[in-house]
Amino acid sequence: MVLGGCPVSYLLLCGQAALLLGNLLLLHCVSRSHSFNATAELDLTPSGAAHLEGPAASSWEYSDPNSPVILCSYLPDEFVDCDAPVDHVGNATAYQELGYGCLKFGGQAYSDVEHTAVQCRALEGIECASPRTFLRKNKPCIKYTGHYFITTLLYSFFLGCFGVDRFCLGHTGTAVGKLLTLGGLGIWWFVDLILLITGGLMPSDGSNWCTVY
């Protein structure tokens with residue numbers, strides 16, 4: 001069949017070729033658009049913060065104080081994980097080399113307790129400006145090792161003549177002496193009760209009493 005001097009089959013073939021060419025051009029434009037959008041998403045991070053690649057994908061490089069992304073060191077305590085204070089066991093040289101840590105633990109009054117910086121890190125999934133690991137200052141040099149004041153006081157009152165209270169607190173040497181003398185014939189037993197109540201007798205490892213809520 002001839003239409004306007006051209007076979008119909010030839011016209012259909014030309015139409016299919018034009019349609020195929022149009023589809024190819026459309027696919028090419030769509031792929032270029034997706035590539036541009038992906039690049040734009042990497043560039044358009046929050047103002048003043050550049051996203052870091054690699055395992056710390058939730059870290060940002062801090063560059064603008066007006067940015068909505070804050071430094072990891074400004075996060076509240078519930079969003080960070082901190083190590084326990086470093087115990088230098090009275091080694092002043094090690095303390096000076098490291099720059100932080102505790103020479104001694106514990107204390108009855110606030111003024112008696114040392115304060116130091118500890119290593120902290122932002123929790124996984126929390127977005128903040130790097131570095132994600134930082135020092136957080138003014139942490140008290142206090143540790144808890146399972147000693148309860150009420151329990152120790154009861155031990156001292158009922159079994160103090162046998163040195164159970166001092167055994168419990170880790171004062172093994174004096175506990176043996178207290179046991180052999182049956183609490184110093186009652187005098188040592190009474191003195192230890194007073195020392196416990198006034199805070200003069202504490203765990204030997206420098207830990208504080210555990211708090212009961």
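Note that the numbers count up from 1, one per residue, in the order the chain is shown.
Positions of Cβ are set from backbone N, Cα and C atoms, glycine also.
Features reported for this protein in Swiss-Prot:
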| type | residues | note |
| --- | --- | --- |
| SIGNAL | 1-22 | signal peptide |
| TOPO_DOM | 23-143 | topological domain 'Extracellular' |
| CARBOHYD | Asn37 | N-linked glycosylation site |
| CARBOHYD | Asn91 | N-linked glycosylation site |
| DOMAIN | 146-194 | domain 'TM2' |
| TOPO_DOM | 165-181 | topological domain 'Cytoplasmic' |
| TOPO_DOM | 203-213 | topological domain 'Extracellular' |
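Same-chain neighbours of the topological domain 'Extracellular' (203-213): 104-106, 142-150, 169-171, counting only residues six or more beyond its ends whose CB sits under 8 Å from a CB of the stretch. Here the Cβ of Asn91 (N-linked glycosylation site) has 13 other Cβ atoms within 10 Å, regardless of which shown protein chain they belong to. Mean pLDDT for the topological domain 'Extracellular' (203-213) in the predicted structure: 85.
Secondary structure counts, DSSP: the topological domain 'Cytoplasmic' (165-181) has 14 helix, 0 strand, 3 coil.
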